[in-house]
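Here's what TrEMBL has on this protein:
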REGION    1-103  region 'Domain I, interacts with DnaA modulators'
DOMAIN    140-272  domain 'AAA+ ATPase'
BINDING   151, 153, 154, 155  ATP binding site
REGION    325-445  region 'Domain IV, binds dsDNA'
DOMAIN    353-422  domain 'Chromosomal replication initiator DnaA C-terminal'
Ligand SMILES: Nc1ncnc2c1ncn2[C@@H]1O[C@H](COP(=O)(O)OP(=O)(O)OP(=O)(O)O)[C@@H](O)[C@H]1O
């Protein structure tokens, strides 16, 4: 071991004792000392995010620990390994003095913790940013904006921040909502004349986590405006905002420019689909959490079959396990192959597509599918069209934008509105509710 290695070992030793395992592994272990001249220690850092975080929170301690070891001042210089252009930094806001008083807690999924989150190439930046925010909410990267495809862990990571904040500060007020809930709460507040309470609920939290923020785009101007003011109130009080979206903020349709710029002023980071190694690790972790012993070759086989969506990957693992139990077979790759074949054909059989729904609804109401996809506003077509959209949302896994697309390129807010409208009519238990039930039965045939 040379002097630099001994020195760095000592520094690491210090942080291993000081930091949580996750923080240590994310921040300190990622550092690579490359040269030590006696007066200057050069360290390679893997990303801009690491560089900034180390400079802000650890650099001083690193220097102090080195001083302790060598009894002399040493300068520490950080060098970026490769600039990471998926990260966009923005300006940070100024603190304000208003005092936060009113708690409002929302339920977080207990499984969505950092401990249960597997870090891989596609999510490591998002994970590092999440840890940074969880360690020091209200400081850097406000808002933190995660974007990426379906089922890739955006909600998990966002809620992990909430869990960690509550773990370190049990009195913190963390509010988790989807943007749909925000919109509904706001509409209800106006309807019932309780906007003061609404403001209290949303503007006096320590951390606001809003999932699927893309649905705020295209919403009525008043909802976007309300969100803008909520955002500003929290931001100006140094309260952290974390957002998830299926796309980058500038790609969200009909999102007001001032919101786009707010969303981009902190840190935006994408999550991309996991590579094979990460998928295997996720399956292994999931098996461990559920107390299952599954051989590595079987895990590799499953991970090789499903490559884009972690939710689906988890579903596949569950069905393989269930198949093995029911058929009293060992969990070999061969059993997994059989299980996945029947899982896929069952899934294909039992889940009607949007096209199936459109055909069935059109037949039921004696209309053409083109009517459902068209724009005619007569009641005899509008209600069937809304029913078809409602069922597409209820029985397929398709996103709102995808459903809108399949209905002649309509906006996702139209689908959302249709869904709410039909859900209300079903509550009334009249003709529409009976029609929906009958169509559902037809779809099962
Ligand atoms: N890196 C990971 N490690 C362990 N589990 C993961 C990871 N990423 C995702 N998951 C799991 O995959 C499932 C889907 O994740 P999540 O709901 O967070 O995805 P999402 O990106 O928010 O999806 P959507 O866009 O549909 O809202 C969850 O059960 C989550 O725990």
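Glycine is no exception: its Cβ is also placed from the backbone N, Cα and C atoms.
Locations of recorded TrEMBL features on the structure.
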residue: 151; record: ATP binding site; contacts (Cβ under 8 Å, 6+ apart): 309, 310, 311, 312
residue: 153; record: ATP binding site; contacts (Cβ under 8 Å, 6+ apart): 117, 123, 126, 271, 310
residue: 154; record: ATP binding site; contacts (Cβ under 8 Å, 6+ apart): 126, 146, 147, 148, 211, 244, 245, 271
residue: 155; record: ATP binding site; contacts (Cβ under 8 Å, 6+ apart): 109, 112, 211, 244
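In the three-state DSSP scheme, residue 155 (ATP binding site) falls into the helix class. Cβ atoms within 8 Å of the centroid of the Cβ atoms of 151, 153, 154, 155 (the ATP site) belong to the same-chain residues 148, 150, 152, 156, 157, 244, 271, 310, 311, site residues excluded.
The average pLDDT computed for the region 'Domain IV, binds dsDNA' (325-445) is 87.
Shown for the domain 'AAA+ ATPase' (140-272): DSSP residue counts in helix, strand and coil, namely 67 helix, 26 strand, 40 coil.
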